[in-house]
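Annotated features in TrEMBL:
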type	residues	note
DOMAIN	69-381	domain 'Dihydroxy-acid/6-phosphogluconate dehydratase N-terminal'
BINDING	C156, C223	[4Fe-4S] cluster binding site
DOMAIN	407-597	domain 'Dihydroxy-acid/6-phosphogluconate dehydratase C-terminal'
Amino acid sequence: MTDLHPVIAKVTERITERSAATRLKYLDLIERGRDAGTNRAQLSCGNLAHGFAASGEDKAVIRTGRAMNIGIITAYNDMLSAHQPYGRYPEQIKIAAREIGATAQVAGGVPAMCDGVTQGQAGMDLSLFSRDTIALSTAVSLSHAMFEGNLMLGICDKIVPGLLIGALRFGHLPTILIPAGPMPSGLANKEKVRIRQLYAEGKVGRDELLESESASYHGAGTCTFYGTANSNQMMMEVMGLHMPGAAFVNPGTKLRSELTRAATHRIADIGWDGNDYRPLGHCIDEKAIVNAIIGLMATGGSTNHAIHLPAIARAAGIHIDWTDFAELSDVVPLLARVYPNGSGDVNHFHAAGGMAVIIRELLDAGLLHRDIMTVARQDLTDYGKEPVLQDDALVWQDVPASRDEAMLRPASNPFQADGGMKLLQGNLGRCVMKVSAVDKERWTIEAPAAIFHDQDDVLRAFKAGELERDVVVVVRFQGPRANGMPELHKLTPALGVLQDRGFKVALLTDGRMSGASGKVPAAIHLSPEALGGGPIGKLRDGDIVRVCAESGQVEALVDAATWDARDIPAAPPPPYDTGRELFALFRHNSDLAEQGASPILAAMDAELAI
Ligand SMILES: O=C(O)[C@H](O)[C@@H](O)[C@H](O)[C@H](O)COP(=O)(O)O
Ligand code: SF4
C-alpha cells in the first residue's frame, strides 16, 4: 500500500488550515442541529400531528417516535431522462423502510432543469442558479424537522450540487444519495456529433438531425456521455455518499432496485441513536472534497465542478480554489477515457470495471484519501468493489483489473500523467481549461480575437463565413452577474467544423461549457467577468490572444499603454422573458465563479461575517 502522495497531503493540509475557523463554526452548527434544533424531539404535538396526519399505515410507528423517520428529497420530473425513473422510488423506499421497522416520508420535491432541453435556449440562463434554487428547496423540505435520516433522489448537473448544499445545512442528518443509473447505450456519441457537424455545414437536414438525436437520447436514464451528471455520480462514489458502485447500474434492473433497498436499510444503521453515527456534515470533510477533485482529474470530469465543488465545500465550512484544483491535477493521472474524452460511454466504462477500478487503483497508488467517513460499513476501501447479485442477493466483489484498457487503465499505465484540468491566468484574469479531450497540439492557441456578446451572433458569423481563419472566439458578458453564466455548448459543432478544416480555434469566455463539450480548446469561467469591469471587456476584434494550457497563460498581447487606456463597452441589457427577470436577485448577488458563483452562499457568509 503506497503512502499518500505528498502533494495531496499538502493541498489537503492547506485547505484544512484555510478553512479552520469556518469549519469549526459549521461543526458547531450540526452539533446543535442534532441536540437542540432540527429534529422531531423539538416539535409540539400539533406540529407532529400535522407531520404524520396523512402517513397512513406508517402513522402508528411515526407517532411513537421510536424508529427512524426518513426524509426523502426527490428531484423527480419527466423532463430529465435521468430523473424520470424516480417517479416510483418513494414507494419503494417506504416499503424498504418498513422491512426494518422504520418509516419514510417525502420531505419535499426540488426543481430540476435538464440542460439538454435548455441548451442554447433562454432557459439555460436559469441553469446555474437552479442549483441554488434546489439548495433552498432542500432546506425548505428538511426544515419540517420530522426526520432522523435523509435520502436524496438526484443525479444531474445542478441537482446533486444543490441537494448537497441544502442538506449540508442539516448536516447532522445521515444522508445517502440514491441514483437511478444511465440509459442503455444508443447511437454512439461520436456519430451524434458527426451528424451535428454535417447539419452545421448544411449537409443534412433537420429530419436527419432529429433522428440522430433521438437515437442517442432514447430512453429513461442518464445520458451516456461523461458530462456533469455522470461526473456527479463519480464524485458521490469517491466521497462515499452512494452505496458502493451504485453510480452506473442501469434503471429497471433488479440490481438497481436492490441498491435502492440497501441504501434505505443502511441509512437506518447510521443514525445518531445507533453506534455507527455517520452524519453528512462529517462525511463531507476536507479529505472528501479533495477526493472529489481527484476523481474529476482521474476521470476527465466536467469543468462545471470547478464552480460547483467550491460551493458544496463552502456549505460545509470548507474553502477551496482553482489553485488547489491545478496542483492536484498536476499529480493525478488520467485513468479513464469516456466520451467526450474517448469513444466509449459510461455503460462501457462501468462494464470495464468503472468506479471500482478507478477507486482501487487510486487508493493503492496513494492518490486518494482512504480514511474518510463514508455511508458504507468501512472507509473508502468498500468503494473499490462492484455490486452484483449472487442468487438474487446483493454482494460486492473485487474487480482485479480493468476489463478494457482502451478506456480504463491502471495507475501504473495512465492515458496522461496529469488530470487535464488546467488553471490559466494572465492580464485577462483567471480561468480553467480542460484538455483531457483536446489534442496536445491544440493546447496552445495564439490567434486574433473575434468578439461577441451573444452565442447566436457567433453562429451567424460562422454561417456567413466570417470565421474561416485562425481565431480565438471571445464570448463575453456571459458571467453569473451578467446573464446567469449559461453553457455555450451550442457553439461546439461550429467551432469543431472550423477546427476540422485545419484552423487554430479556441473559445475564451466568462461563461461556461457543458461537461459534454470536448475537442475544441475552451478557456472558460474567466474571472472577473466582463460585467463590472473584468479585463475580458477590454478586448477588441483583431487583438492577438494567447491561451496556453502548458504555460497556464491567458493573455491579450496588446501593449500596456493601449490596454490601460481602453474602457469596458456597455453591457447588453439584462435577460428578460422565460422567467429570467425573476433571477435578477441571484445575478446581482452572485460571487465569483471560483468561489462557486453562489448568491445564497455569498449572502450567508456575509451575514455570518465569515
Ligand atoms: O454539463 C453537462 O454535462 C451538460 O449540461 C449536459 O448535462 C447537457 O445536457 C448537454 O447539453 C448535453 O449535451 P448535448 O447538448 O450535446 O446533447
Ligand atoms: S445528463 Fe444532461 S441532458 Fe441528460 S438528463 Fe441529465 S441534464 Fe438532461
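The backbone N, Cα and C atoms fix where each Cβ goes, and this holds for glycine too.
TrEMBL: automatically predicted annotations, no manual curation.
In the predicted model, residues of the domain 'Dihydroxy-acid/6-phosphogluconate dehydratase N-terminal' (69-381) average a pLDDT of 97. Remark: C223 ([4Fe-4S] cluster binding site) has S81, A82, G116, P182, M183, S216, Y217, A229, N230, A516 as non-local neighbours, by Cβ distance under 8 Å and separation of at least 6 in sequence. Under a cutoff of 8 A between CB atoms, and with a sequence separation of 6+ in the same chain, the neighbours of C156 ([4Fe-4S] cluster binding site) are A75, L80, A82, H83, A112, C114, D115, T222, T228, A229, N232.
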